[in-house]
Amino acid sequence: MSEKQVKYPWWYGGAAGIFAVMNTHPLDLTKVRLQAAPIPKPTIVQMLRSILKNEGIVGLYAGLSASLLRQCTYTTARFGMYDALKEHVIPRDKLTNMWYLLGASMVSGALGGLAGNFADLINIRMQNDSALPLDKRRNYKNAIDGMVKIYKAEGAKSLFLTGWKPNMVRGVLMTASQVVTYDMFKNFLVTKYNMDPKKNSTHLTSSLLAGFVATTVCSPADVIKTIVMNAHKKPGHNHDSSFKILMEAINKEGPSFMFRGWVPSFTRLAPFTMLIFFAMEQLKKYRVGMPKEEA
């Protein structure tokens with residue numbers, strides 16, 4: 001399609017992510033709380049009621065600054081790299097080929113996961129902090145305060161590398177299942193059902209389907225990442241490995257633990273995916289931030 005030949009600004013993904021997360025942060029917070037909750041796990045409704053009762057409306061936005069920082073790093077990196085690879089690496093006649101797109105998305109997701117790992121660490125800890133006993137709370141005031149406190153208490157390695165392996169895996173899975181499936185579903189709807197590629201109905205349908213796929217594919221890595229990053233660490237000690245956490249969880253809960261919190265994950269990721277791609281399409285449509293000659 002002709003729009004793929006246009007060079008869009010690298011920051012479109014991050015800007016769209018900020019728009020999406022501003023509208024879905026309470027759902028993300030609920031998902032994190034449920035993934036970190038002990039057995040027996042509450043339902044999504046019970047968790048929401050508990051947050052509202054104990055923390056009020058403000059509690060639903062705990063860790064928002066870290067979520068925004070995450071969009072500026074993780075989302076900007078993975079979307080920017082994905083578009084760059086499509087523009088400079090993938091042959092023009094292969095832009096709808098699933099295998100080429102998967103390769104580009106995996107590289108982009110891995111780099112995005114690594115780039116945004118520190119922000120994700122702060123985000124998860126801030127979102128789950130109020131659910132911890134008073135003596136275990138970290139009490140980060142905001143994302144910057146969280147960075148400083150982690151650096152002082154645990155060191156730079158902990159700040160940038162805690163949970164990086166499951167986070168990179170999740171980044172690969174998320175980008176492949178979210179971005180590629182969006183492109184594939186959109187192309188399918190346009191070519192098979194003659195839907196208008198510029199209409200919002202096409203964008204929203206494609207993104208809803210992509211959100212379902214992404215939630216299911218990413219759930220195992222997402223759960224492990226949340227557990228690893230939320231764990232307390234003493235100076236001089238390493239976190240348990242992701243593999244050890246995986247084995248312990250399987251022994252305790254069975255394989256179903258990998259889909260713990262699937263419903264709140266989908267409840268959050270479906271609207272997030274719809275909003276981020278809707279925002280991306282609007283940015284592209286109006287050529288925001290582009291020179292007039294390109295618009």
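Using the three backbone atoms N, Cα and C, a Cβ is placed for every residue, glycine included.
Your range for transmembrane segment, going by Swiss-Prot and the list 43-62, 143-162, 163-182, is 163-182.
Between the transmembrane segment (63-82) and the transmembrane segment (204-224), fewer than three CB pairs separated by 6 or more residues in sequence fall under 8 Å, so the two stretches do not touch. Panel annotation: around the transmembrane segment (204-224), residues 35, 166-167, 169-170, 173-174, 176-179, 181-182, 185-186, 189, 195, 242, 245-246, 249, 257-262, 265-266, 269-274, 276-278 of the same chain, lying at least six beyond its termini, place a Cβ under 8 Å from a Cβ of the stretch. Mean pLDDT for the repeat 'Solcar 3' (198-286) in this predicted model: 82. Summarised by DSSP class, the composition of the repeat 'Solcar 1' (4-88) is 68 helix, 0 strand, 17 coil.
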